[in-house]
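Annotated features in TrEMBL:
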BINDING   Thr117, Asp170, Asp198, Ala199  S-adenosyl-L-methionine binding site
COMPBIAS  141-156  compositional bias 'Polar residues'
REGION    138-159  region 'Disordered'
Amino acid sequence: MAASMRLLVRRAVRLSHRNITLTAAGAAARSGCCRGPSVCRCFSDEAEDRSTHFGFETVSETEKAKRVYKVFENVAQKYDIMNDAMSLGIHRVWKDALLHVMHPQPGAQLLDVAGGTGDIAFRFLEYIRLQEERQKRRAARSSQTPSWQDISNNYSTEDESRESRAVVCDINKEMLKVGKQKADSLGVSAGLSWVVGDAEELPFDDDQFDIYTIAFGIRNVTHIDQALQEALRVLKPGGRFMCLEFSKVNNPILSSIYDAYSFQMIPVIGEVIAGDWKSYQYLVESIRKFPNQEEFKGMIEDAGFYCVKYYNLTGGVVALHSGFKL
């Protein structure tokens, strides 16, 4: 309830700011004090719905949001199969690398945004389970000849322990539906929840999560800067932002092979497996429109994160960005 109220308040504040801007714009126009093209552009009728890119097309922001939703609605049922087919299974290695770098500990609270079919959440919960088993084995070995300090530590650990949980948040109901079906088939339910939500206006209170992940989703967001600010808001102080996304290949030979494969093969695979050429043509184009590693690093820093770094995977086909909220 509190999260819903805060979401309404944020929307009201955003609308009031927009109204103030438009009122000021009207006054400026009447007084003839327009100072340049960049300012004048904000005062035009386009201010309500600016243009952006949808792949290589230029569309309105509203139109992009609708089209992106439709893309993932169309591909939801074949999404996981297509990931294996398009990446030749390498996406699994990239996601495992994300968990290895994350190295979450028992009790961690994860928010996986654009998490749709649950790949990151399932890996997170399995990683936590293995960590808990290791801790129990260590405790069992040490309890054979425990010291008073060990006994004291065990009691305090039991008192302070909390269950890890993973919240999968996605704007697309069809993707979440597929994720829930996967969870049921895998028998995974403890510590896992599914929430319909927009990355640009997350339905959560401030300072709620230890880790925020978004894998192959942020390039589909209309306002990336806004999504990054929301990530910062919902993370606890000391929390970690992690983004896995297609990026820029630096090796010229690998880059030419990658481009040829992307444009000539992926849409064809999409047509054969999912019966959808256009959606996968968009996905290929959207990768080329996304900022490169250094540019995206700068955007994360501008949002307020610290210690931002990135790791190139498969020669830069994918980059893993990480930053902390201090």
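Every residue gets a Cβ built from N, Cα and C, even glycine.
TrEMBL does not curate its annotations; it predicts them automatically.
Values in this document were obtained by computation on a predicted structure and should not be read as measured data.
With a cut-off of 8 Å between CB atoms and residues at least 6 apart in sequence, the same chain places Ile171 near Asp198 (S-adenosyl-L-methionine binding site), listed in sequence order. Of all residue pairs in Thr117, Asp170, Asp198, Ala199, the annotated binders of S-adenosyl-L-methionine, the farthest apart have Cα atoms separated by 16 Å. Cβ neighbours of Asp170 (S-adenosyl-L-methionine binding site) (same chain, under 8 Å, six or more residues apart in sequence): Val113, Ala114, Gly115, Gly116, Leu176, Gly179, Trp194, Val195, Val196, Gly197. Its Cβ taken as reference, Ala199 (S-adenosyl-L-methionine binding site) is surrounded by 23 other Cβ atoms within 10 Å in the chains shown.
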